[in-house]
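For reference, the structure is listed below as structure tokens.
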Amino acid sequence: MGVGRSEGGRRGAALGVLLALGVALLAVGSASEYDYVSYQSDLGPYPGGRFYTKPHQCVAIPADLRLCHSVGYDKMVLPNLLDHETMAEVKHQASSWVPLLNKNCHMGTQVFLCSLFAPVCLDRPVYPCRWLCEAVRDSCEPVMQFFGFFWPEMLKCDQFPQDYVCIAMTTPNATEVSRPKGTTVCPPCDNEMKSEAIVEHLCASEFALKMTIKEVKKENGDKVIIPRKRKALKLGPIRKKNLKKLVLLLKNGADCPCHQLDNLGHHFLIMGRQVKTQHLLTAIYKWDKKNKEFKKFMKKVKAPDCPTFPSVFK
């Protein structure tokens, strides 16, 4: 991704989170003052609190938990704050958020998500601040809508605390938590030519096609892509007999640039998902067999190591 944050930037942001959290905990007393028989929440998101059937434990964040491995701390609590009791379940659920993290829609995205998926080890659960949730939601939901998704119910911001002990990056009005500037590229077109990133998109998409494009036009705020030739790499919900009639939409993309579409004389790798009767483009790459990273992807495409993505966005 051309505008992706560096790992150092993410770690710096996470350090700010931990410092803010430390100050907050000092304000209400040391962790040893809390007497919890089991891992219980009383912070409002889950009225009446909750108990887990298993005692909580502090475990290392594994390298293949890609959403949170670079968050800035090394250990997390299981069960987490989304009721995932095993690491396998955490990885399964968290994997669907990695493409959004790579879109860099807000610098607090990783901190917010990992405070829930991979909470830092403390004597009691601490949730993200409501304003952090709102800031991430307001910046990232417009990006999600390009892919046909909306902010999910499981992350409704009004369930998180406003002014109690909570995870924060800095003050709500700080300029550094605003959405990074400098890109107006349609999010599905803002892709890094790295084999791992292409595989992530393939796994997160319902279908994938090699195609040439006949025409691109604007209609009702979308870019409409009319294929000339197409070959299915992954059909998903598309029936083979319907391939000839397939039309793709770059949702909300009428007025944002998609540089891959500036020259239609190439073959393209196009991925997407079906929403009702529409087929939305979720990623586009020039089909470039001379590119080293694309060649790596082609070796992996026959048997990609894909998790089964949960329907967390519905």
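Placement of Cβ uses the backbone N, Cα and C atoms for every residue, glycine included.
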Of the candidates Cys114, Cys121, Cys256, the one Swiss-Prot records in a disulfide with Cys186 is Cys256
Correct disulfide partner for Cys129 among Cys68, Cys157, Cys166, Cys189, by Swiss-Prot, is Cys166
The residue that Swiss-Prot pairs with Cys157 in a disulfide, chosen from Cys133, Cys140, is Cys133
Going by Swiss-Prot, the cysteine from Cys105, Cys114, Cys121 that pairs with Cys58 in a disulfide is Cys121
Within 10 angstroms of the C-beta of Cys189 (disulfide bond), the count of other C-beta atoms across all shown chains comes to 20
Secondary structure split (DSSP) over the domain 'FZ' (53-169) reads 48 helix, 11 strand, 58 coil
In DSSP terms, the domain 'NTR' (186-306) comprises 32 helix, 46 strand, 43 coil
Whole-number mean pLDDT, the domain 'FZ' (53-169), equals 91
